[in-house]
């Protein structure tokens, strides 16, 4: 290893250099190949990892658990209703307890400030951000690995567009990772749903060093013109009240990823990406409720069924890569 990531926290991509990020991507690819070929070696035997989930999860939980199992580590799942965190015990105290029992801690919840200044500051062991309201760093490694696998271009020449509410963890994180890796990053959203001015300014400074191209626009067609990949996410995030749906639909309807917007890219090879879960039809409880009020969205909210079920959709490859990239984080920070 050209540099040492051992015992490092993984809290946000801003904390890592481009070389460190590329190393994690290379390691992810190597570990994926080893799993597929049956030659994987275990580097985490005897390690114990705690998984704290204040928000529910399918992909993040499964990815961490399988990555740990594959590498010989043990895991303990601490769910939203299965602990004293925030009820009878502060996160600071929880960190000091778990840090004495576990070799690393994953956290998925709400506050970025809390995971950085309480959990990571007091645990004494590596802490991994499985998602907060502000950032989703493990998803970013999976997203870039997926784009790398589905493009003939060097990473720095890949272009991608994020459409939707860009103030959330996905919008913020896609802006950061692209600026770090010198990519062509486009954000298409109403202006007051853009990332904060402070984060945009920080990413533009990073882009001066890496050669990244950053575009923020309110025009969805401008955002996707010539792009290689189109990303979106749900329009209402976990923890937000249901009452915000009406306003969010009004604002974001022009940014729905449908066949017309895919075609507007002018790129017949353009791919669609989504961190999941996606409301691409009315088969889910939320989908049924929304389509009952907005019949025009019965065929999908942020993405339409025809796009999601098309060959252009690589969301499930993207989901699989959560496990390979999380495994790379674990091996590089905890491995023997």
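Glycine too: its Cβ is placed from the backbone N, Cα and C atoms.
L-ornithine is bound by 233, 237, 238 in Swiss-Prot, and the record lists one more residue there from 169, 172, 299, which is 169. In this structure, the binding-site residues 59, 136, 322 were compared by how many other Cβ atoms lie within 10 Å of their Cβ, and the smallest count belongs to 59. When the binding-site residues 238, 275 are scored by other C-beta atoms within 10 Å, 275 scores highest. Site extent for L-ornithine: among the recorded binding residues 169, 233, 237, 238, the largest C-alpha separation is 12 Å. DSSP assigns residue 237 (L-ornithine binding site) to coil in the three-state reduction, placing it in neither a helix nor a strand.
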